[in-house]
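TrEMBL annotations:
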BINDING   18, 19, 20, 21, 22, 23, 77, 78, 79, 80  NADP(+) binding site
DOMAIN    15-106  domain 'Pyrroline-5-carboxylate reductase catalytic N-terminal'
DOMAIN    169-272  domain 'Pyrroline-5-carboxylate reductase dimerisation'
Ligand SMILES: NC(=O)C1=CN([C@@H]2O[C@H](COP(=O)(O)OP(=O)(O)OC[C@H]3O[C@@H](n4cnc5c(N)ncnc54)[C@H](O)[C@@H]3O)[C@@H](O)[C@H]2O)C=CC1
Ligand SMILES: O=C(O)[C@@H]1CCC=N1
């Protein structure tokens, strides 16, 4: 937020999250953490049980689509395959001058703009699930020609979910593959590290605490020192020591190539989902 708190509070537009599943809830939590008041944020959901959950956890109201779609800022967080139906139902209620932020993987700003009334600003964003605890990272790309004030609003909206990184829209599929899907790759490694610790004789709770702390601490080390990961890795790797023995096994298993292949496959899938 660039404004003083008072000015930001008075300038805070109303927000609706359309489709509040995993990612919609994570973004919603980030919006509230970023300083929006719960009474200025609503969600549009399909199931009453989900509405009750969101109201209990976040204090926000759930409203019908016609009401939500008329808000100043719309966060579209349905699956790419559900997007056309949602926008078709919402379009008649969306006001010109409003801002639509879509987090749908692969879906281009051109496709979004074509389904919305003229005069609606469109921004494509790719957040990730750590947004739920304010530790996410979002890749942000406005539609060409979007008013910078609207882009800034989108940035402020997502800042409570974590870091916001501007990327050209052409890079969104790659960003989706690295940071949108990235938590799943990291969690797979974490699961494996915990299992390996158990296999090596550690109690599960101890293995989990050691492995999780190691992942979080290593990310913090890279962020705070700004040093290249390979340099930091060398500092862990004593000649003839334990780390060298372990890394040799990861190289033998082709871990680096597997990560490359995973990101390529996810990027291609993002492109395909865009339609
Ligand atoms: N899960 C993730 O880690 C990430 C997901 N995304 C994107 O976020 C979007 C949502 O993904 P998830 O949250 O994982 O899926 P999800 O299935 O958990 O959430 C989608 C929600 O939208 C609701 N919905 C669908 N049509 C609706 C309608 N017409 N009206 C009201 N609600 C409706 C569904 O009931 C569901 O709760 C996708 O487009 C995905 O590409 C983006 C970044 C990360
Ligand atoms: O798996 C997916 O398609 C979504 C997009 C990025 C993370 N989850």
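In case you wondered, yes, glycine gets a Cβ from its N, Cα and C as well.
With 18, 19, 20, 21, 22, 23, 77, 78, 79, 80 listed as the residues that bind NADP(+), the site has a largest C-alpha separation of 14 Å. Taking Cβ-Cβ distances under 8 Å and a sequence gap of 6 or more within the same chain, the neighbours of residue 20 (NADP(+) binding site) are 28, 43, 44, 45, 50, 54, 62, 77.
Note on the domain 'Pyrroline-5-carboxylate reductase dimerisation' (169-272): its mean pLDDT in the predicted model is 98.
In the three-state DSSP assignment, the secondary structure recorded for residue 79 (NADP(+) binding site) is coil.
The DSSP secondary structure for residue 20 (NADP(+) binding site) is coil.
Neighbour counts were taken at the CB atom with a 10 A radius for the binding-site residues 18, 77; the maximum falls on 77. Note on the binding-site residues 22, 79: the fewest other CB atoms within 10 A surround the CB of 22. Summarised by DSSP class, the composition of the domain 'Pyrroline-5-carboxylate reductase catalytic N-terminal' (15-106) is 44 helix, 18 strand, 30 coil.
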